[in-house]
Amino acid sequence: MTSPASGVPEPADPKARLAELVERLAAADAAYYRDDAPIMDDAAYDALRREAESLRAAHPDLAAALDQVGAAPSGAFGKVRHRLPMLSLDNVFEPADFVEFCASIRRFLGLGAAPLAFVAEPKIDGLSISLTYENRRFVRGATRGDGTEGEDVTENLRTLRELPATLPDDAPDFIEIRGEVYMTKTDFITLNQGQARQFANPRNAAAGSLRQLDPAVTASRRLSLFAYARGAASQAVGETHWDYLAILRRWGFPVNPLAERVSEAGAEPFQRSIGERRAGLDYDIDGVVYKIDDLALQERLGFAGRAPRWAVAWKFPAERALTTLLGIDIQVGRTGALTPRARLDPVNVGGVLVSHATLHNEDEIARKDVRIGDTVELQRAGDVIPQILRALPERRPADSVPFVFPDHCPVCGALAIRPAGEVVRRCTGGLSCPAQVVERLIHFCSRLAFDIEGMGEKTVQEFHGLGWLESPADIFTLRDREAAIAALEGWGEVSARKLIAAIDARRRISLARFIYALGIRRIGEQNAKLLARHYSSYAVWRRQMEEAGVIGSDARLELGSISGIGPSIAEELAGFFAEPHNRDLLDRLVPMLTIEDEVAAAGGALAGKTIVFTGTLESLTRPEAKARAEALGARVTESVSKKTDFVVVGADAGSKAAKAASLGVTVLSEAEFRSLAGLPPG
């Protein structure tokens, strides 16, 4: 008997033959994908694969065997900490926005009207990755993740034929190269033709393909790569970004051929040109990235929050569409805010199927006179949440009525009040409101907080409904319920064990993440980092926050003087710690964790020091001096106190210099600060 699919005679023992084929194919996969040393050519591999598939089709009882073919799955992806953070970019949408971006660079550097030179590159709509080479060999690849820590996808990246396995002898001993993994439109169409469940767009397809547990699946998806940025390196590579791209090309990396050097005045024409060519490209782009070309200027500009000061993404005009508003749902957030969300008849906007949009607040609904049943114009710009631009009154149903915003919480029924001067209405139910409890728990487990795998919205809601989760501390007692979790529908012992392991893996956390995870109003990721950097340890932070509850106390004044915090945020923090139930939560939670101290940048004279700048500096702008000090591990505050280590004085220093002298605080000249900061004489 001959197998019709493969043309190979039916073996006497199909099970034994299939086992042999599985073993040979697995060895070939491992050699090709992991060792970069193929042991058979493509034709031989394909013939064995076809024979194995034919045997499986003829013998359904053996169907599971071939599923093992491929390099051994990596299991859950490990975590990789980036030596230099992989940050996102700020966006601009109009020429005036770009002009202001350029002006902000000049202000920061004190450049006056000096012209700026950029490198412009199409912004690929894919998945950002970091490629690490040690001793000129590719050793590790990671996704961006939260910018600080990503997922280890090394074995999957090895399957990209465009990725150099080694670098030339002139490359540094250590270097991180950043780039974008994407899928061409052609390959996306081909992939979807063979998929039972289709991907919505090439970006989703690329992300899903790179995160396959089996590298063989990734290899079959035909992913592509563009390299475009630098991470950490043991030595400098080029003096300009344009030089760097040329070096990457010489090393064998694919670099976008549409990248160009442009002047400040040339940015707008280049933006128009790429926009006109966009539809004809075989890959999706959603704008153009403009980077300061001079790497020395990039170094001086540094970073602000989650984005570099030296680069910006100029996004293409927002995509728009018309659809029907089916309903307005009121969501209750972790701080009690009632937020309206539009429920829409699903519509494709820029390649993404949109079924919900933001309505911001009750004033916005009234201003736009948006009503249920209206035909509305929807806009989606880049990664921004879709929003309703306007309603079309001429298409409005005859029985339509204005939307009435609720004055009671839709979840717990408590009164929802709107404080004077605020646009948000808030539920007064506090911790008695199930929605607030659930949202706080979801926030606690989220990616930028404790990042607990498996503790998503659905799981949190289920466990809260069972009475297992009322506060974050309860998460770390779920080990006692492992058997009960395993018994739940859709779980089982393996899933329960993985969840408990994921929770245990997050018992150690940085101070900044811990502060953010608490969900204190107005304490986002950046403010949490500011607080962690300033107070260094959990014990000090908590003690100071409790003391800051007394208006006029040294602790309150110090908190309000932290650059970026200010009095209003200080009031929110003091209010949080004034609540007994919040202190009780911390008393339960903290003993179950290891909260890492914030480690100041090592080795410098400014590390861990508190600095105040006053007066006009000559060789540095105030923002540049502040950024330099913070990059070296210093804490910059606005007012002088006994805890201040240095006051840096410029011209017309005023009262702060006098107060420093009266308190015995060290006063530094600008030249002395430059020396401590490792800068050459100005």
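Placement of Cβ uses the backbone N, Cα and C atoms for every residue, glycine included.
Bear in mind that the values here come from a model prediction, so they are computed numbers and not experimental data.
Within the same chain, the residues at least 6 positions away from Lys123 (active site, N6-AMP-lysine intermediate) whose Cβ sits under 8 Å from its Cβ are Ile285, Asp286, Gly287, Val288, Val289, Ala313, Lys315, listed in sequence order. The active site, N6-AMP-lysine intermediate feature in Swiss-Prot is assigned to Lys123; the stated evidence is sequence analysis.
Annotation source Swiss-Prot lists NAD(+) binding site at Asp42, Ala43, Ala44, Tyr45, Asp46, Ser88, Leu89, Glu121, Arg144, Glu180, Lys291, Lys315. Secondary structure at Leu89 (NAD(+) binding site), as computed by DSSP, is coil. The local packing around Leu89 (NAD(+) binding site), expressed as other Cβ atoms within 10 Å of its Cβ over all shown chains, amounts to 18.
Annotated Zn(2+) binding site per Swiss-Prot: Cys409, Cys412, Cys427, Cys433, in sequence order, evidence recorded as sequence analysis. Cys412 (Zn(2+) binding site) carries neither a helix nor a strand DSSP state and counts as coil.
Under the heading domain 'BRCT', Swiss-Prot lists 601-682.
Secondary structure of the domain 'BRCT' (601-682) per DSSP, as helix, strand and coil residue counts: 26 helix, 18 strand, 38 coil.
The secondary structure of Arg144 (NAD(+) binding site), as reduced to three states from DSSP, is coil rather than helix or strand.
Cys433 (Zn(2+) binding site) and Lys291 (NAD(+) binding site) have their C-alpha atoms 47 Å apart, to the nearest angstrom.
Taken residue by residue with DSSP, Cys433 (Zn(2+) binding site) is part of neither helix nor strand, so it is coil. Distance between Cα atoms for Lys291 (NAD(+) binding site) and Cys427 (Zn(2+) binding site): 45 Å, as a whole number.
Within the same chain, residues at least 6 positions away in sequence whose Cβ sits under 8 Å from that of Arg144 (NAD(+) binding site) are Met86, Leu127, Ser128, Ile129, Ser130, Gly150.
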